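Student: Sharing the feature lines straight out of TrEMBL:
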- A:Glu175, A:Arg221, A:His448, A:Arg489: L-aspartate binding site (BINDING)
- A:Arg221, A:Asp222, A:Glu223, A:Gln230, A:Glu482, A:Gly534, A:Leu535, A:Asp536, A:Arg537: ATP binding site (BINDING)
- A:144-555: domain 'Aminoacyl-transfer RNA synthetases class-II family profile' (DOMAIN)
- A:199-202: region 'Aspartate' (REGION)
Number of protein chains: 2
Amino acid sequence: MKRTTYCGLVNESFLDQQVCLQGWVQKRRDLGKLIFIDLRDRTGIVQLVFSHEFDPAALEVADQLRSEYVIEVAGAVVRRSDAEINSKMKTGTIEVEVHQVKILNKAKTPPFYIQNDINVTDDLRLKYRYLDLRRPEMQQAIILRSKITQAVHRYLDEQDFVNIETPYLTKSTPEGARDYLVPSRVYPGHFYALPQSPQLFKQLLMGAGFDRYYQIARCFRDEDLRGDRQPEFTQIDLETSFLSAEDIQKITEGLLQRVMKDVLGVDIKFPLPRITWDEAMNRFGSDKPDTRFGMELTDMAPAVKDVDFKVFQTVLEKGGQVKAIVVPGGADKYSRKEIDAKQEYIKRFGAKGLAWLKVTDDGFSGPVAKFFKDSVDSIKQTAQADVGDLILFVADKRKVVADALGYLRTSIARELDLIDKSKFNFLWVVDWPLFEYSEEFHRYIAAHHPFTMPNEEDIGLLDTDPHQAHAQSYDIVLNGFELGGGSIRIHQRAIQEKMFKALGFTKERAEKQFGFFLDALDYGFPPHGGLAIGLDRFAMLLSGKENIREVIAFPKNSKASEPLTNAPSTVVQKQLDELGLEIQDD
Amino acid sequence: MKRTTYCGLVNESFLDQQVCLQGWVQKRRDLGKLIFIDLRDRTGIVQLVFSHEFDPAALEVADQLRSEYVIEVAGAVVRRSDAEINSKMKTGTIEVEVHQVKILNKAKTPPFYIQNDINVTDDLRLKYRYLDLRRPEMQQAIILRSKITQAVHRYLDEQDFVNIETPYLTKSTPEGARDYLVPSRVYPGHFYALPQSPQLFKQLLMGAGFDRYYQIARCFRDEDLRGDRQPEFTQIDLETSFLSAEDIQKITEGLLQRVMKDVLGVDIKFPLPRITWDEAMNRFGSDKPDTRFGMELTDMAPAVKDVDFKVFQTVLEKGGQVKAIVVPGGADKYSRKEIDAKQEYIKRFGAKGLAWLKVTDDGFSGPVAKFFKDSVDSIKQTAQADVGDLILFVADKRKVVADALGYLRTSIARELDLIDKSKFNFLWVVDWPLFEYSEEFHRYIAAHHPFTMPNEEDIGLLDTDPHQAHAQSYDIVLNGFELGGGSIRIHQRAIQEKMFKALGFTKERAEKQFGFFLDALDYGFPPHGGLAIGLDRFAMLLSGKENIREVIAFPKNSKASEPLTNAPSTVVQKQLDELGLEIQDD
């Protein structure tokens, strides 16, 4: 038998025709003389009917069928009786009267149902990933991801990008995240590293004159995992020569437009909104603002600077900020206890407290309301707050204020369901600082990476006050997530050397780690720049998922292991000996 | 300035128009008052003219330009004077009179010329790969490779294949080639392995119901390198459910047709020729025959079985073969010494000798001619040899005869330039043995891999005489190279277990290495099969190169290192400590 169509595609246009179908038994209803089977493949489900009347032998086989058996059937497409019509199913008006059936494979009872709603641990899903992936929502997510990549290939091909593969076995450059290492057998004691990104190779390809490069590239980072991190992840990676930041953004917008149209049928308005990093931090307290809702941060200094409330006064005198967000109708929605919990939470951002006012008909209520009783109007006006609203204040250094209020803004919007989930708000955040201070490492690190070009007018600052410089970099943000980022790169050795110096590299260290690249810059590199988009995150957002594991066929779990194959695993001594390695004693 | 077009695209349609170009200085001819610059980008070269007449400042800048400087120019496209017309150049009838020029970057003198013909070591080319890749032939090869991948994405998307990424950090299964290992930091003493191919994952995806999967996947094998091997290489990898071997071959033929058309504009006739493995070995002495020329192997037993030549008699009595190839006009072309060298060479295949006859007007000449003086006509007729030809005989076991004569056939065809290099001869080799005896391991190994389905009628042999079984496998051959291969896979646990047993696995070992996969087969796997094509080799053959390094942007050298970055390299102790590893003492 040859399959004539897929289960989910059988519709009334097939009425009274013979079809041959192959797929999995989703469900069996045995009415004795009549057996109904829901047959499933990647396109959906169709109802099969077996009856003594159509074929006694087929009915006998149907009697043996169990969930997830693989079968092939031939039969006639007929209209369902009115009682059997299921308007929720694509194929709900027809069924297939089976006159021939063959069991292609049997199946043990699966550890969970093959349906969207299951209530099992993530590790059980991953251990039986081949079953988990049979569930319609997983099928759809993986197919959506495939559609994204297809749109990317088509668009970038049309834009004359050359698809070039860069190596996965390459040099360890211990800068930024931790490398995964691969021991060399030919050179014992030496290691390749898996790339954290193709950054240097794509720049070398610009040096090689390819003009426009792209790759859908796997990247590897051995970091502690969070919800949206995986040891390996995928980037839509592109690089161009001779183009401005705006040119590159325009190409990217075309790419996003194509993906949204091809994958979701959604038209996105272009050009996309652009705000500077400064503005994003000021208005949203975030460098990746979710603009699907309001609740922006307001500078309250004008309204409170003369109020006799010591906390605010002290902060303002030290050059700090007093800012607030207004939770619409929040006065009734949050108890003192709930607000206290939020105050506790934001301590992780360095915030020492959370002042709050509920706007009442009579002014303000709340523990500090008495201090502000003479400024009700000016505060309400400045914050644009109305009766029934809750005003949350944070007073501190700029970064603390932004982090704390930025967090409160998005977490409260989620709690109160203020976000229109049908929206896809893309946004450019531009003009980033070149460096940021790392509390973890107690030094300045590159805000993006060490190859980012400073703004033309800031190049001089590299010699005098590098950490004030801003960069020709840009992030693309979608619904509050950093979807991707890029920059114009440094293409001249002298500037690259200053950059390494500003990052605290000695000349020797820069030479040892990046000497080959500095040398390359001596040989006529063109001005160039590019961008990388996180494919996993993009697919996650477009499929409405909340974890990138849901759009990766075989992800690692939160402990970086793969419950299906049990990787990582021990190896035999011979393998270690060939690599000249020993396991350290505990 | 914004680039208005690319260098190689400027033609007479631009006459008298202003253009802005960006690129690299290929060459500078200084005639004093006139300077000519060849400007290069990825599309080709255009001639720029600087003159006091057009712009004195530009002429002054032109005077400073050196090879590989990066510049941008604006100027007018004019027709060249008759004397300057270069009919070999795409842009040879025009030039650009420059009135504005800017140096975007300077360059040191490169270690070799940026042109097709260079005579430097491979390692120097790899150390300066960004310069090597500027050479037109390398640009073309990498762009051709990109075009192949674009055609693959388009075609397989149209055929409803889902593009799915499988993990690169996975489980070590020490079967077949050596794995590259990746130490885990979270689980010290445990290792991921880089996949030798996505084989098991793509089969799991069929189990997951994706029906049609493909991926352009990187694969890793830590083997000793040869000319056409790299530690990492790329596969066009596909898998389908419910299809027959013939269905899969038909899809593959469509894919090849599309690639040949899109990339080279070549129409390939379909369906492709198909021969069995037996026939390929018999006629060509190779499982990947080059059919662009004749010189097929002839069974000479009928003609020599009664000749009193002991070597042949002994072999035939033991059930061996006596076969020959005829080198057309070879009598004059090969001296006894040269033939002796070939005899020496084929000893590596186990051949004990090489008997040969030159066909003369009077019969045969050569050291053993006297034995055959009574069989001249029958030998000439059986071998279809004419006066002036050279007949080369090998008498031995079947495999030795095939290997030795197969080698002689292709090496002589190359020496004598008998191969039409404009041909693309695709060919299916089908019906392979399921197992082959490995002289290296002194045991039977899977001819393809342990997941290959035996022919339906041979499944019973798995219990009785497994090594006689043939497989539902097929290789696609192009011009004497194995371009790819595939098979119908085993989808039932019982057969897979028998297969492991026939390969000498104990039950425990099969369980330890492949238990997760055997378990998966319990849950309703559909019949499935697929194929993988070596992208590197495909690109190499289509671009007429002789080493896959020529179609890989950043390959490793023949010692698996990368002269550009110096990978693999030592790492700092902290990295080893985090992984719980020590370097073994010598």
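Placed from the backbone N, Cα and C atoms, the Cβ positions cover glycine too.
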Student: How do the residues of the region 'Aspartate' (A:199-202) split into helix, strand and coil according to DSSP?
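Tutor: With helix first, then strand, then coil, the region 'Aspartate' (A:199-202) has 4 helix, 0 strand, 0 coil.
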Student: If we check Cα distances from A:Leu535 (ATP binding site), which of the binding-site residues A:Arg221, A:His448, A:Arg489 wins as closest?
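Tutor: It is A:Arg221, whose Cα lies nearest.
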Student: Just the number: how many Å between the Cα atoms of A:Glu223 (ATP binding site) and A:His448 (L-aspartate binding site)?
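Tutor: So the alpha carbons of A:Glu223 (ATP binding site) and A:His448 (L-aspartate binding site) sit roughly 17 Å from each other.
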Student: Rank aside, I only need the closest one: which of the binding-site residues A:Arg221, A:His448, A:Arg489 has its C-alpha nearest to that of A:Arg537 (ATP binding site)?
Tutor: A:Arg221
Student: Using all protein chains in view, find how many other C-beta atoms are within 10 Å of the C-beta of A:His448 (L-aspartate binding site).
Tutor: 22
Student: Tell me whether A:Leu535 (ATP binding site) sits in a helix, a strand or coil according to DSSP.
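Tutor: In three-state terms, A:Leu535 (ATP binding site) counts as helix.
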Student: Going by C-alpha distance, which of the binding-site residues A:Arg221, A:His448, A:Arg489 is nearest to A:Glu482 (ATP binding site)?
Tutor: A:His448
Student: Using a 10 Å radius around its CB, how many other CB atoms surround A:Glu482 (ATP binding site)?
Tutor: 17
Student: What same-chain residues, at least 6 away in sequence, bring their CB to under 8 Å of the CB of A:Arg221 (L-aspartate binding site)?
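Tutor: A:Ala177, A:Arg178, A:Tyr180, A:Gln196, A:Arg229, A:Pro231, A:Phe233 - these are the non-local Cβ neighbours of A:Arg221 (L-aspartate binding site), listed in sequence order.
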Student: Applying a 10 Å Cβ distance cut-off over all chains shown, what neighbour count does A:Leu535 (ATP binding site) have?
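Tutor: Taking all protein chains shown, A:Leu535 (ATP binding site) has 26 Cβ neighbours within 10 Å.
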Student: Who sits close to A:Arg489 (L-aspartate binding site): which same-chain residues at least 6 apart have their Cβ under 8 Å from its Cβ?
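Tutor: Listed in sequence order, they are A:Gln203, A:Met206, A:Phe451, A:Thr452, A:Met453, A:His528, A:Gly529, A:Gly530.
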Student: If I take every residue in the domain 'Aminoacyl-transfer RNA synthetases class-II family profile' (A:144-555) and average their pLDDT values, what number comes out?
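Tutor: PLDDT averaged over the stretch: 95.
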